[in-house]
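J.: Below are the features listed in TrEMBL for this protein:
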DOMAIN    21-107  domain 'Pyrroline-5-carboxylate reductase catalytic N-terminal'
TRANSMEM  204-229  transmembrane segment
TRANSMEM  249-271  transmembrane segment
DOMAIN    249-397  domain 'Ferric oxidoreductase'
TRANSMEM  292-310  transmembrane segment
TRANSMEM  350-368  transmembrane segment
TRANSMEM  389-410  transmembrane segment
TRANSMEM  422-445  transmembrane segment
Amino acid sequence: MNKNSSNTMALAPNTSNKRETVCIFGTGDFGRALGHKMIQSGYPVVYGSRSTQISNLIPKDAEVLGHAEAAQKAAIIIIAIQRQHYNFLIPLAEVLRGKVLVDISNNLKLNQYPESNAEHLAQLLPGSKVVKAFNTVSAWALQSGTLDASRQVFVCGDDVEAKQMVMNIVRALGLTPLDKGSLLAAQEIENYPLQLFPMWKFPIFLSLGLTAFFFLYCVALDIIYTYIYENNDFSFFIAITIPNRVCPVMALILLALVYLPGIFAAIIQLYRGTKYRRFPDWLDKWMLCRKQLGLIALAFASLHVVFTLVTPMRAFASWRTGKGIISQASFVLNNKTEPLDHTNAWLSDSYLALGILGFFLFVLLGITSLPSVSNNVNWREFRFVQSKLGYLALILCTAHTLVYGGKWFLSPSAYKWYLPNIYMLSLIVPCAVLVVKFVLILPCVDKPLTQIRQGWERNPKYSK
């Protein structure tokens with residue numbers, strides 16, 4: 001009954017133009033910004049402060065009173081002060097009894113205290129109804145009106161009615177409330193603003209590490225080796241040539257790493273004969289950041305396209321073109337013609353066609369991963385794009401690399417210092433993924449794997 005009632009209240013528009021008075025304890029940056037936004041939304045605001053003198057920083061339509069007097073004028077009190085100053089609220093316990101206290105505080109580091117600030121406030125004032133909210137919105141965003149990046153407000157609390165009152169205020173301010181449940185969720189909500197791209201750390205560090213390795217690898221083979229053994233200074237390769245070799249390699253490897261954890265998961269499920277056992281932690285974390293790995297791979301692929309497009313404008317490219325023209329002219333002067341090599345022509349056109357098609361599917365995968373797009377397709381459609389078309393993109397990009405650099409596998413000159421070319425290294429992971437995936441889709445393997453994923457167990461004791 002309560003659940004249905006709360007849903008009805010959440011969906012019902014607020015037809016009354018009259019807003020209840022809101023009290024704010026604290027006249028700092030966030031307290032002033034929030035008060036200003038509430039006044040704009042039609043809420044009467046009263047500040048509770050140690051000093052009742054009106055400051056130029058306080059919104060002009062707000063009233064400033066002592067803490068006790070201000071608390072008596074409102075049913076909802078926003079606590080815009082730091083946790084270390086909560087003790088001044090203890091003498092006000094009777095005045096605050098039955099009031100809704102909205103804790104908006106944050107900490108300086110993750111899990112700074114054993115319990116959340118909101119839970120600590122509830123322990124100090126057991127007669128009040130504590131709700132956690134607004135801590136994920138910045139004072140600058142409230143004051144400037146640029147709330148697009150922080151429009152979502154997490155709300156949690158033990159009292160359903162109090163939580164609903166706060167969520168109504170959130171909506172009135174033009175923000176989007178998200179109910180996170182009881183006050184036990186406050187710790188998670190308080191940690192949220194302190195997290196710096198939590199799902200991006202592993203993909204970014206992995207990408208930076210691999211990029212540095214391949215960049216130095218190319219410098220060693222294309223610049224240092226050439227300078228030592230051929231006495232040619234190609235140090236300018238650092239600007240365009242080497243990045244244009246590293247970017248496609250990174251794009252291909254990261255795309256393969258998007259699908260590699262799924263391969264591991266299938267092998268583990270086949271080995272265990274059940275889906276009811278957790279994957280290892282490293283595999284769980286890897287699978288959770290596949291979207292980020294794919295987007296970084298798309299970024300590298302896009303850079304490869306840009307670098308390739310600007311290649312003809314380089315002085316080195318013009319010099320090589322000029323040498324080719326001079327060489328062709330010498331053939332003409334000697335009454336000789338160089339016939340068209342149809343094999344190279346086919347390889348060149350195939351290489352470009354495979355790259356274009358692969359990049360097109362790459363972009364399609366990136367677009368589909370956007371929340372605004374993924375929310376408008378059903379699970380089967382999303383899985384078709386991300387799985388079927390994703391593997392097709394991996395096949396095309398791998399073929400693109402094979403056609404371009406496959407000739408170097410049997411060329412002794414490609415092994416400088418007995419090291420393989422960078423394109424050979426880039427094919428190891430994607431080829432391994434595609435070979436194992438081909439084995440997994442064979443009927444003799446796919447059938448038991450499908451049964452396991454549908455709930456069948458080889459040994460039912462593992463589910464207990």
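Cβ from N, Cα, C; glycine included.
Nobody curates TrEMBL annotations by hand; they come from automatic prediction.
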J.: Between the stretches 249-271, 350-368, 422-445, which wins on the count of C-beta pairs under 8 angstroms to the transmembrane segment (389-410)?
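T.: Answer is 350-368, with the largest number of Cβ pairs below 8 Å.
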J.: Let me spell it out: take the transmembrane segment (422-445), skip the flanking residues so only those 6+ beyond its ends count, and list any with a Cβ under 8 Å from a Cβ in it.
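T.: For the transmembrane segment (422-445), the sequence-distant neighbours (Cβ-Cβ under 8 Å, at least 6 residues beyond its ends) are 214, 217-218, 221, 245-246, 248-249, 252-253, 255-257, 259-260, 263, 266-267, 270, 391, 394-395, 397-398, 401-402, 404-405, 408-409, 414.
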J.: What are the DSSP helix/strand/coil residue counts across the domain 'Ferric oxidoreductase' (249-397)?
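T.: With helix first, then strand, then coil, the domain 'Ferric oxidoreductase' (249-397) has 125 helix, 0 strand, 24 coil.
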J.: Over the span of the domain 'Pyrroline-5-carboxylate reductase catalytic N-terminal' (21-107), count residues by DSSP class, listing helix, strand and coil in order.
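T.: Split into helix, strand and coil, the domain 'Pyrroline-5-carboxylate reductase catalytic N-terminal' (21-107) gives 32 helix, 19 strand, 36 coil.
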